[in-house]
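Student: Have a look at this one.
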Amino acid sequence: MHYMLLYVIWKLPIVGTVCKLPITYYQQENFMSASAQHKHNWPTSSKTVSKVVSRQYTAERKCSLQLKFLEDLSRKEPDFPVPLRPHTVWEGMAVKLSCTVQAPLVETEALFDSTFPPSFVKEGETLVLSCGFTSPLLPFQQDIRTHLMTNLCRNHTFFCVYLCVCVSDGAAAVVGAAGSPLQVECSDVNRDYVFLSWKPPSADGAAPVQGYYIERCEVGLLKWSRCNEVVQKVCYYPVMGLQENTMYQFRVCAVNQAGVGRPSKPTEPILTSDPMEPSRTMGNVIRVPFPPTGVSVCELSDSYAVISWTEPDPRGKEPLTYFVERSIAGKNSWHLASMDMTVQSTRFAAFDLQKGKSYCFRVRSINKYGISDPSEPSQHLENICVPAAPHCIQAVADTDSSAVLLWKEPKNTEGILGYYLYCSEVGTSNWRTINNKPVNGTRFTVHGLNTNKDYVFRVKSVGRAGNSHYSEESQPVRIKAAKVVPSPPSGVCLLHCSGSEMVIGWRAPANQGGEAVKGYFLDQREKPQTVWREVNPKPVKERVYKVSALLEGHYYQFRLFASNVIGLSKPSQPSEAFLCEPWTMPEPGCPYDLELREVRRESLVVMWAEPLYQGQSQITGYVVEISQGEESEDWTEVTQESVTDRHLKISGLRAGQTYRLRVSAVNSAGVGRPSLPTEPITAQTKPGTKDMEIGVDNDGFIFLSFQASETAEDGQFKWNKNYRETIDAGRAHLETKHKTSEGWQVEVSDQGAVRLWLQTEPLSSSADLRMILNDREITSTPARKINFDKPNGLVEILFDQLSKEDEGSYTAQLKDGRAKNQFTLVLVDENKMLNVVIFSVFSEGPYFEEFLSWTVTEDCEMIMKCKVATDFLYVEKKMDQGERNAPGSSMQKVWNEIFNPTENDKGKYTLEMFDGQETHKRHLDLSGQGTAFCQCFFLDRAKVTKGLPDVVAIMEGKSLCLTCFADGDPAPEMFWLKNDREITSTGQYHIAHENKCTTITISSVTMEDSGNYSIFVRNSYGSQTVHVTVSVYKHGEKPRAGG
């Protein structure tokens, strides 16, 4: 998953428009820069670029002048064109005074009335952005530009909206195939030649990447053709045979044993041209050309060599082409390497080279007058090798969901583009790709890990010649917050003062640093002084401390340090200056040590300690106040009457809202000082929160139980009554057990045997197990063995082979004394389980592309489906989907359509299907049947011949008529469907059939009639479906785009 920050910049927008920008995302590391003036973002001529720059400069100047004009207007003083004048009135008369004020009207600039929410798209999908404005746009704003960029261009004339886009990897085109290559770039563009380079995909898929296919497309034709027949192993490739002055785009697909993966993002369009043309001087008329110079091997791999040279000087006015010759080094036997190819550029790629041999090359110039002498031979260039793997992989715990990964580079770093990182939970073989773009450097923070799980890591080097092998695995690291010093204490307050002593209280650190706080250190200083003095040389564990030997009438400040085994925290913020004088007020002091418990979506419990100073009478209760918001000082009493306990459950909270609480003590003299407010708390039930359970066991004892989702390594359960009172040990028995089970685990052997197992803590000899399958208790049988190892806490079920009878819900009910628990595993489909065997053992055969799933429609119909991939073989060669070949399937049939069959399609066809245990084959020999083959299987099958457009836009209230013609022998059946459901001739729908023609009429269409319609035709030889999109718009509206 890749996070990218998208800057959408409007400059001088059009009045009253809503801006929409479609963007198609690919797995790439950079954004393109787009412009509304260049729809395809093609390269422009120098004249066009000049116009664009000039237009942009003019617009910016116009905008700047308009802003200055508005600023000057805002500074102009108002004028009174009709001033007040004197009036004479009688006593008791009403007087009305009026005047006219004239001031420049300063129009308000239009702003964006909304912001873009975070958007999540998959690789290859299209994202549409839309934005409106708060008011009509001023003249200087009436133009629009959109840009996608990685850095914000600071300019006061721009109006910016920010959007965070999360792009996730799209699903693999072939199960197990590799990901898309990255950063495909074009370089060294010539008349008929271009050099491509790219970075390997981060995900190999089910098998390592074996190489790459390179594809090209002429801009505007939308037809991609493959450039190489043999898989290219390294991450660069020379493309020859291009047409001069033609625009091309290129893309790359990775190949492994599973097949061909998704193509990369296409390159920017490039124009093939002669790079020397602008600076070339023709010179005098030259008959036979001179030989080229500077012949050298500029690129070399184990499969080709790219030779470059400089055209002869003087060149002459006649067009030049070239012959390239080669010879094995040390021999003087030259052979033509370019063969019958016309080489127009000063580049040539020789592919048919033998490994282990050194070659030399030379070049001759050709024009209409003759062939030049040969050039000087080239020198040999060393091959580029796959880089070595990194070493010394080390992982260090960082937070409770991340770790810092460190490694050392290989000795030879030449050609290394970066590194790919991988992680796996200990005990599994599921390696996850961490980064989809190569990482530079030797340090990376890995996020998204599971707390308290052990992980191992490994690293690959990324080079142009391919990726290295995996490094050695790191040592396992447990994911938990790294142990650091605690954060500073907070909330320093005065709890009591006697005139020479002060009692200071404070809040615990918000973060203990992964280790328990061992104590606190207190500093003090008198208000005029700047030097702090240590109060307690030894740490105190309580968060209350009495400071002695103070001077009455003086002001003192205090600060705190917290310490753990790692070290000392930073100091807290200094307290306010407290006056040292005896407390004699009749009201009590402030409560302290406020603590929040049992925080839920609509309630929480607050607890506190009674004040150290009670006033001149006993405390009779407490007033609890609540404030909504993090900094609000609007306090409201929670209860109408004072609270007598030192805890209170507060209900009626709003989920997701933030609150603060404070408490004041009450005695006969009144309400005392309020406590420090609590830290802000959000009313929410955190995932995994569990409540206490109560029950009665078989012996009649009442039991309370609580299960914590996670505990610290040295964590303990502490039971209290009314939150503070200890429980009488004579009347209660405390029992704590650590849960070690993570539920059912599944293992499948290469032979197809299946093991379900469950690991718990060690159990006593009196422990009991009940195994339930589909609401009935089962026992061990020869075909399904159940083992219960009590001392080791192991429950397992062993199957030689899963069968239909083994489907269902398995529940293990465990009881050991008064402790009970149960674990459930659902096997919804035996093939879903057996797919593990299919995929691991028969990686080349059929497999489940989609597991069994179910959906419920609006009409309360449940649809269950799964998708099986099958292999069609033609003359023992696998047939993949292509332009002339389209395999398909239904619940009863599988088929493979071959469009426009030729004589080359004759032969033996084989269908392979795997049921989890054995492979089934069906054969069809179509050798020598010629025309009969074509007629029987293709000319007579049902097909749509004409009639349906792709999109229909119609105004609400009109009638829609769609007509479709079909052909086939026998005559095909024809069905109309809407959103994949059959339409019948009732109500507003009227369907007519006549002589291989069908018509559907929809009377008085409404907005609800919009949708995807299709015609389905079939006969005994085949079927076809053609789709049409119907878009209904209201009167007065414009048809939607595409309609």
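Glycine is treated like the rest: Cβ placed from N, Cα and C.
No curator has checked TrEMBL annotations; they are predicted automatically.
From a predicted model like this one, the values you see are computed outputs, not experimental measurements.
According to TrEMBL, the signal peptide annotation covers 1-20. Residues or ranges marked as domain 'Fibronectin type-III' by TrEMBL: 180-275, 291-388, 389-482, 488-582, 590-688. Residues annotated as region 'Disordered' in TrEMBL: 670-690. If you look up TrEMBL, you'll see 942-1031 marked as domain 'Ig-like'.
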Student: With Cβ distances under 8 Å as the criterion, find the stretch in 180-275, 488-582, 590-688, 942-1031 that has the most pairs with the domain 'Fibronectin type-III' (291-388).
Tutor: 180-275
Student: DSSP helix, strand and coil counts for the domain 'Fibronectin type-III' (590-688)?
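Tutor: Result for the domain 'Fibronectin type-III' (590-688), in helix, strand, coil order: 0 helix, 46 strand, 53 coil.
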Student: DSSP says what for the domain 'Fibronectin type-III' (389-482): how many helix, strand, coil residues?
Tutor: 0 helix, 47 strand, 47 coil
Student: Taking only the residues in the domain 'Ig-like' (942-1031), give me the average pLDDT of this model.
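Tutor: Over the domain 'Ig-like' (942-1031), the predicted model scores a mean pLDDT of 86.
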